[in-house]
Amino acid sequence: MDSNHKQMSNMSKEDMSNMDMSSMDHGSMPMGHMNHGDMKKRLIICILLMIPILLLTPMMGMKSSVLHLPYQEIIVLIFGTIIFFYGGKPFFEGAKSELKNKKPEMMTLVTLGISVSYLYSVYSTIINMTGGHQMDFWWELSTLIVIMLLGHIIEMNAIMQANSSMTEMVKLLPHEAHLTSGKDIPINQVKVGDFLLVKENERVPADGVITSDKAMLDESMITGESSVVQKKKGQEVFAGSLNKNYPFELKVTVVGKDSYLSQVAKLVEEAQGKKSKAETMADKVSGWLFYAALIFAILALIVWSAINGLSYGIMMAVTVLVIACPHALGLAIPLVVSRTSTLAAKNGLLIQNREPLENVSKLKFALMDKTGTLTDGDFKVHDYMTFSKEFSQKDIAQIMAALEEGSTHPLAQALVEAVSDNSLKANNIENIPGVGIEGNISGKEYKIVNEKYLKENGINYNKIDNEDNLTVSYLISGNEVIGLATLGDKLKPQAAKLIKELKNRGIEPVMLTGDNEKAAQKVASELGINDFRAQLKPEDKAKIVKEYQEKGNVLFVGDGVNDSPALATSDLSFAIGSGTSVAIAAADVILVNSNPEDIIKMLDLSKNSNRKMKENLWWGAGYNIIAIPLAAGVLAPIGIVLSPIVGAIIMSFSTVIVAINAMTLKV
């Protein structure tokens, strides 16, 4: 993972504390994200005020109260008014926010319901105090607000667990860091260039490079992989990794927003903030439900007032208003999205664009870059050959290394690493896309090219006996091949399982490579890939993606070196490892680890996530379709009538069910 997080950990707890739920658009949830302790305080006070109201007022169907006190109507009026304004404040604020955003939903409905109940109860109390006999709703109103507050506290807990934000990762970071000078400092005071000591069984406090000889680290918090990895001097380590062995020292390289955890947090937040078509539609339907509930409430008021009197009509209308829950529908997708992106990030799967993941079931082809995806991408030079008396094998090696000195391509790095001491320097370096590189050394022009280039340009060359199907890079001067290097790569141990799992899911694997035909054939044969394309240029990959898209949806996986056009063109794209910054920008998902099996993990997580979304949508829509007419009294002729209290209980738990369902999503 050493090169996989180049720009991405020293993020203080303060830096992360504000991202808990900031990325979720919960529609009408301002109270949901009011202070949790404040909600509990309101609930307790309202319960204490509710008890005397229950004892001093008759509930519907009763002729008298349990207790009788002088001026009890005034006592009930005062306590009920406090409950209405104090206990109802979160609902009023929620309604205000909804109306301000021109998106009236659940909070507006609840506010209407309790306001109608309160105003009618005040009116009834005044009538009763002047000698009349009018039924009030103080009993129902106080109980309704208490149940609504309790329901939303339960809902908030469920939502926060389902959201399971990135702050959980930051909680594992140490509060202090040990400077090698012996001083301990708070983690938010760590600076780039500081030298830190990480003791045994402590977590790394900041991103940096190891200055000790080696370290044994558990990076499961970062990558999701539980195995212990050995890091050597000069290799990168990331905040949150656990030191499993002897103490080691590191030099801090990045802090704050450039750290790995900060970058992950930003990606998660951005992914959650992007709405898919399904989520946009759910928001619209959620808005329509408000008006449907309002219409049903008005109809219930008119019809039942005409049948059983105004008091009964108001009770039925209030029940409709409090039972309707556009909220459950509005949260159906965001809760699952939040859970999915957080689970993915904890397992080294960084989602940048989640909409393509909603169509994983439609994938027909998986086009994969060979180097870095199916093979390690860790090339080693096997041999050098010279075809000119003017150049020795050492000369060939040094010239090739000088030309490739600044390149990040795996083949180039292998050629550079093969030469330990090189006095040659190249200038006027230019990349030849999909072919190689050219430059000037001591006034002479050289090129490193592939076999396809030689054929296309009519350059004669000696064919070598390549029984091992190695990759061959040719060195030319003018139009003469003066030497070559053979390089080998090896398959990733998980590559075969990836191909098997793709086939099991009905997805046909296709391998793409710029390598020669024989080397490509060998890899494809070993992995059981029937379709492959060799000797490709970067622009060829995007064209091939379009070609396969005519037959079905295409997944593309690449390491990003020359893959940005193909990543952007495909229906779903994965950048395996960090790739390059351009590749990261183009990919829908970044696989932090270089493990091909993570592709299957992401596909399965997406499939399960999509199923959870559909379940939540069915529940959110189905609940309202059944609950609203039921509350309006459509089954009253057969004796089924819901009271506002029952409606409030049902409504409160409708969202909890959606949240719990999202929580059951696993990787």
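A Cβ is built for glycine as well, from the same backbone N, Cα and C atoms used for every other residue.
TrEMBL does not curate its annotations; it predicts them automatically.
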Self-check item: 571-593, 617-639 - the one TrEMBL records as transmembrane segment
Solution: 617-639
Exercise. Restricting attention to the domain 'P-type ATPase A' (183-269), give the mean pLDDT.
Key: 84
Quiz item: Are there at least 3 C-beta pairs under 8 angstroms linking the transmembrane segment (285-307) and the transmembrane segment (645-665), leaving out pairs fewer than 6 apart in sequence?
Solution: no
Quiz item: Any chance the transmembrane segment (617-639) and the transmembrane segment (285-307) are in contact, meaning at least three CB pairs closer than 8 A with a sequence separation of 6+?
Solution: yes
Quiz item: Which listed stretch (109-131, 137-159, 285-307) has the most C-beta pairs under 8 A with the transmembrane segment (313-337)?
Solution: 285-307
Quiz prompt | Long-range environment of the transmembrane segment (285-307) - Cβ separation under 8 angstroms, sequence gap at least 6 | solution = 27, 103-106, 108-109, 112, 313-321, 324, 326-327, 329-330, 620-621, 624, 628-629, 631-633
Practice problem: Mind tallying the domain 'P-type ATPase A' (183-269) by DSSP state, helix then strand then coil? | Solution: 20 helix, 30 strand, 37 coil
